[in-house]
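Okay, so here's the structure we're looking at.
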Amino acid sequence: MTENKIEEVETRREIHDLSSLESFLLHNDNFKNVSYISDVPEVCKEYPCILGIDEAGRGPVLGPMVYGTAFIPINEQTLLTTLQCADSKALNEEKRDDIFENICKHSKKMGWAVEVIAPNSICNSMLSRSKYSLNQVSMDSAIGLIKMALANSVKVEHVYVDTVGKPEKYQEYLKSLFPQLHITVAKKADSTYPVVSAASICAKVTRDHALKVWQFHEGIKVKEFGSGYPGDPVTKKFLTDHCDPVFGFPQLVRFSWSTASNALEGNAYHVEWEKVEDEKSGSTQKIPITSFFDKINKTSLEPEKKRHHFFTDRCLSRNVKF
Amino acid sequence: MAIRIQSGKNNILTNSSNSTVQSVPFKIDADCDAPVRKYFQPFVQKTENNVLTASFRGYPLKGTKIQLPEGYQGMVLHESLKPDFEKLQDRHFFVVNKFEELTFWNWDKIPSKNDVFLKALDWIDIAEALHRPGTEQ
């Protein structure tokens with residue numbers, strides 16, 4: 001987790017509607033993770049709260065994965081239904097944008113936070129030496145959001161999380177980290193608990209707008225890149241049109257997705273990385289027994305002069321040719 | 001078979017601009033220009049402990065700047081004719097630029113004295129000590 005620390009924003013840029021969300025996203029380098037927490041209303045510090053957590057953009061080959069949370073005092077939770085917080089996938093983009101702005105407007109009653117995990121940061125984790133899986137990235141982000149809410153004095157009572165992997169195992173893991181909190185981890189929590197729906201909407205809206213204002217630091221001109229789902233023909237076209245033979249794709253793309261690596265195989269030069277040391281493959285060279293009966297070659301009798309390990313350690317050899 | 005290295009007409013060694021050289025931890029089956037300034041440089045960052053970070057095709061890289069040892073000069077050479085190793089002809093290289101430092105990159109590992117590349121530079125001091133003409137007898 002040390003590598004992907006949530007970065008603090010130096011100058012606080014308030015988000016209170018869609019346009020300030022966009023300027024916040026534009027202001028931060030899109031190849032680094034960034035997180036944001038709204039102002040915490042007094043009622044959330046005073047009265048026990050429920051806190052929901054959900055993610056957006058786990059599957060697509062493009063763009064950030066966003067983790068979102070929303071929190072509200074237990075005795076105010078009917079507000080969520082009034083705001084029509086329901087499964088974010090069942091709502092269209094316009095509706096989600098509206099609900100997000102309404103959540104912002106009710107800043108005296110509820111609060112929210114997001115962590116934007118850059119596509120580059122996802123690849124870096126998945127392609128690190130000690131494989132840091134997407135599930136672990138997800139859990140760590142959720143944990144980070146709970147910690148951020150607690151650090152900002154939200155009186156968290158009950159946490160509801162949409163699961164990654166097996167809910168029982170995940171719930172146990174969270175309980176061990178936050179023994180003082182009630183924790184519910186469930187499948188499809190975003191359609192069951194309005195507070196998770198609210199979190200899901202914050203995450204989804206943030207991801208959509210992050211893509212909308214995406215700046216290509218590579219300086220390439222891109223008309224459209226589609227949804228990022230492998231079946232989307234626009235995404236497919238984007239991946240073939242914007243593939244540099246050496247560097248591959250711009251950093252919007254998650255190289256660690258098979259869609260991306262398959263597209264690279266045909267359109268870019270082959271790259272070979274150092275193999276991660278595998279203990280099993282310590283092959284002991286077998287010399288066939290018949291080799292002892294071979295005619296002895298005279299030159300092989302002269303022992304080859306071995307170089308001192310100072311040189312072999314450093315891969316130094318004599319070379320007179322280029 | 002001789003190797004000839006020719007310095008260009010506009011005497012590059014007195015030039016003030018240096019090449020930016022990156023030593024990367026992978027092999028690529030390519031010999032061509034690469035848009036390093038667009039796809040690589042903008043993403044190079046420095047952490048609090050002065051380690052450089054960057055990415056190549058999603059792989060995390062960690063790097064450090066290395067100054068070439070004193071008295072040494074890095075040179076970027078160009079060979080316009082593809083060498084034919086069977087014919088044992090002379091080979092011609094042209095100096096196209098120079099460099100005084102390079103960035104050494106590892107895949108997700110902070111460069112250290114355990115890296116053979118960095119260790120190899122020890123030889124320069126040792127060679128100097130071994131091959132210096134003796135002064136005492």
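Backbone N, Cα and C define each Cβ position, glycine as well.
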From A:ASP162, A:ASP208, A:ASP232, the one annotated by TrEMBL with A:ASP54, A:GLU55 for divalent metal cation: A:ASP162
Non-site residues, in chain order, whose CB comes within 8 A of the mean position of the CB atoms of A:ASP54, A:GLU55, A:ASP162 at divalent metal cation: A:ILE53, A:ALA56, A:TYR67, A:GLY68, A:VAL161, A:ALA189, A:ASP190, A:VAL196, A:ALA199, A:SER200, A:ALA203
Site of maximum Cβ density within 10 Å, from binding-site residues A:ASP54, A:GLU55, A:ASP162: A:ASP54
